[in-house]
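Summarising the annotation, TrEMBL assigns domain 'FAD-binding FR-type' to B:13-111. Feature annotation from TrEMBL assigns [2Fe-2S] cluster binding site to B:Cys247, B:Cys252, B:Cys255, B:Cys263.
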Amino acid sequence: MNELMEMLKDRPFFEGLSEAHMKLLAACAALRSFEPDVCLFREHEPAEAFYLVRSGTVALESRLPGRGARTFATLGEGDMLGWSWLIPPYRWHYDARAITPVHTVHFDAAVLRDRMDHDPELGYALLKRFTGLIVERLQAARLQSLDIYGDADVGLGG
Amino acid sequence: MSVSAAEPAHEPMAPEPWRIRQVRREVADGEVFTWTMEPLSGEAAVARPGQFNMLYLFGVGEVAISISALADDGTPVHTIRAVGSVTRAMQDLGPGDVVGLRGPFGSAWPVAAAEGRDLVLAAGGIGLAPLRPVVHAVLARREAFGRVLVCYGARSPRDLIFRDELEQWRANPDLDLRVTVDRGTADWKGDVGVVTQLIDRGGFDGRNAIAMVCGPEVMMRFSALSLHRRGIAPERIHVSMERSMRCALGFCGHCQIGPHFVCRDGPVFPYPAMEPAFRVNEL
């Protein structure tokens, strides 16, 4: 558990959490690794976890009828993965697949959700961090959808 | 060929004839291409990374094109995207054809100011072209710089330019190259997402880093926010602006942004000088 605590303390996402809350997070955490092509989770499955990606690349994918899986984002070292565990009905909204060997810290979100309900300070601290993460990803998705490299992207090149 | 100071050669409004020596297609459909050229006079001014030249296709028109490399003999290399009437016509030219060239013009990337610091280069789309000479300058004196992170975003894998060189950079332990695309393909094994996410993953000391950003304005705005969030002071973030350059000398006003003439005072600016303009629609 000490090893996990040290690992989490280094990450900006957990910066500012109290010692007690860090201990609780570490108690809910375990190291998990995934071989290439293995799914960390699949769309519609119960969302009972979130992850800190320690190394490797994870593809977030949606399946389109007749077109197979389409990657809409990738996550890498230091990224947090998963917030569906925070929002009813607590089911994943997409697939997450390892595209290289992936090493993660896996958090038992079901336990944490229960603790957050009973400890508003913990609940607020984690919600604040996950809301920031959701906003970052939303901004990124908006930029992606704008097709900013279309014909208007001339630069001093044309 | 002889080279002289960094000021435009001869009469700055008169194009000098240059011959295209080599054409390289950067993407499959040839929409982006690179010209290596030589001056018919045998003389050329030496450009600095970040500057641009005015290229004149006789009888068609003139466009501002950034310098994407400096050849071994100091002559500028230009990478062009065929999107307007002039650049589309340029797409049909080949080795031996002659065009007019005025330049080099404008401000340069502050490469010397990056010495002793970590350096973050963020490029979007064809914005990699003006930043490429910075990478070359850094690699030539690698020991003078701290960590060097190159973040490059493009629309799709087929839109990536300088592919061979990207592979060399990726294999070079002196550089940390990260590439992402907005839309992947079935065979794309790299990152999918926007270039700001590559910056957010960090790997540099923001307190002692300098950043240079080139791409669509919305990309530069969000990149500057990400860089600042990672600890880089706004005055150490530099952006390269694109506007309709005509005279390239600060006379005609076509490229004016507030008090700044992009052709003369830019195209490279410290971010705080351009930040107010980024907040004005259609400016």
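Each Cβ is built from the backbone N, Cα and C atoms, and glycine gets one as well.
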Find, among the binding-site residues listed as B:Cys247, B:Cys252, B:Cys255, B:Cys263, the one whose Cβ has the highest number of other Cβ atoms within 10 Å in the structure shown.
B:Cys263
Excluding B:Cys247, B:Cys252, B:Cys255, B:Cys263, please set out which residues of the same chain place their CB within 8 Å of the center of the CB atoms of the [2Fe-2S] cluster site, keeping sequence order.
B:Met245, B:Arg246, B:Ala248, B:Leu249, B:Gly250, B:Phe251, B:Gly253, B:His254, B:Gln256, B:Phe261, B:Val262, B:Arg264
By DSSP, how many residues in the domain 'FAD-binding FR-type' (B:13-111) are helix, how many strand, and how many coil?
6 helix, 51 strand, 42 coil
Compute the average pLDDT of the predicted model within the domain 'FAD-binding FR-type' (B:13-111).
92
Reduce the DSSP letter at B:Cys263 ([2Fe-2S] cluster binding site) to three states and note it down.
helix
